[in-house]
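Only one structure is covered here, and it is reproduced in the block below.
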Amino acid sequence: MSEQRDINKDYLFLTIIGSGSFGKVHKVQSRKDNQIFACKEIDYGKMAEKERKLLVHECNTLKELHHQQIVSYVDRYLDKIHSKIFIVMEYCENGDLARYIKRHKQERSFIAEDKIWSVLVQLLNGLKYCHQDMYPQAGHRVIHRDIKPGNVFLTKDGSVKLGDFGLCRSLNDQSQAATNVGTPLYMPPEILAKQPYSEKADVWSLGCVIYELAALQPPFQATNMDSLKIKVRSGAKPSLPSTYSAQLRQIIDLMLENSQTKRQSVLELIQFPKVQKMQQLMIEKGMPGAPTEFPQQTPPQVSAQVLTKQTPLTIENKVEELKQMFVKKDRETELKEWEERLREKEEELKMRERALRDREERFSR
Ligand code: ADP
Ligand code: MG
């Protein structure tokens, strides 16, 4: 973020879409091609140096996330005079799940179960990408930390996208000391208890979102933090309307597991029979948000070591991770080497196949 560019030269500010815990979100229009985007304005003036550095890091992370279930990053601008950062991103015109749920609540209509499974499949695939697939490219895992209905966006074609990715992590660290803490309703017990956490935190929050799509209210509600913590620990939540299947209740319970170790990972949840079935159906019918990627190859050796280690996310660990990233070989070179190794493996396999065929021919002769 060394160069200073004026966002007003490139974008026209149209309206304010809303304000969140960390600043305003504007609807903007590109002066170049009239395309519409959303632009998040963040005031970093009151942030400590450490948090600012993390914010820059998170912006870089955001840039690297390329998945159809993640709101895409377009550009960023730094206004040093007013200590503001503007993040330009894809505009999702159909609003977010919070609005969608509210509408259903007002109309007293249930959300169709298939719709809920489709949202779950899409979010699991988006999270799988962040928790695992993007690792070889970025060299680190990405945990959202703030999954809630207001951060899941609906697009024109009917698919869903996770928004506010990555940003929340550094911003939340800062906000814990400040007054503008986001809603704790979707926070897992480990975060509520200020304990170390992992990507399983996202699984808990996803469980809350899926529960809310069915019940039209969050699973754990309270008027203060202490009673929220007690409710979350007890696991007592109102039962879902009887129209929903036992499988849906079952997968929600797997996600709303108090113990981080017992709570299933995104990869495990993708193996859930109904998720597999829904995924297949979405592919066959070409439904919006149908998964497009196929199982990936094993990531490069250097990365695998850190990936399997469930490092709790604390500022110290993050700084350590960053340090490791800097000393690590250039990622591009690493990937190229990995591709080279794959090519060599393919060649080797082809040669073996040829030899086998030759042998079979000789044998039959
Ligand atoms: P919060 O802190 O509650 O997550 P945000 O600052 O992320 O709030 O967002 C504020 C408002 O802007 C919300 O109504 C949200 O739906 C909307 N919004 C955020 N990002 C986008 C986007 N990419 N496209 C459309 N609307 C968005
Ligand atoms: Mg948000």
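Just so it is clear, glycine is given a Cβ too, placed from its N, Cα and C backbone atoms.
Taken from TrEMBL, the feature ATP binding site applies to LYS40. Among the features that TrEMBL reports, domain 'Protein kinase' is placed at 11-275. Among the features that TrEMBL reports, region 'Disordered' is placed at 342-365.
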Local confidence of the domain 'Protein kinase' (11-275) - pLDDT mean: 89
Other CB atoms within 10 A, centred on the residue listed as 'ATP binding site': 20
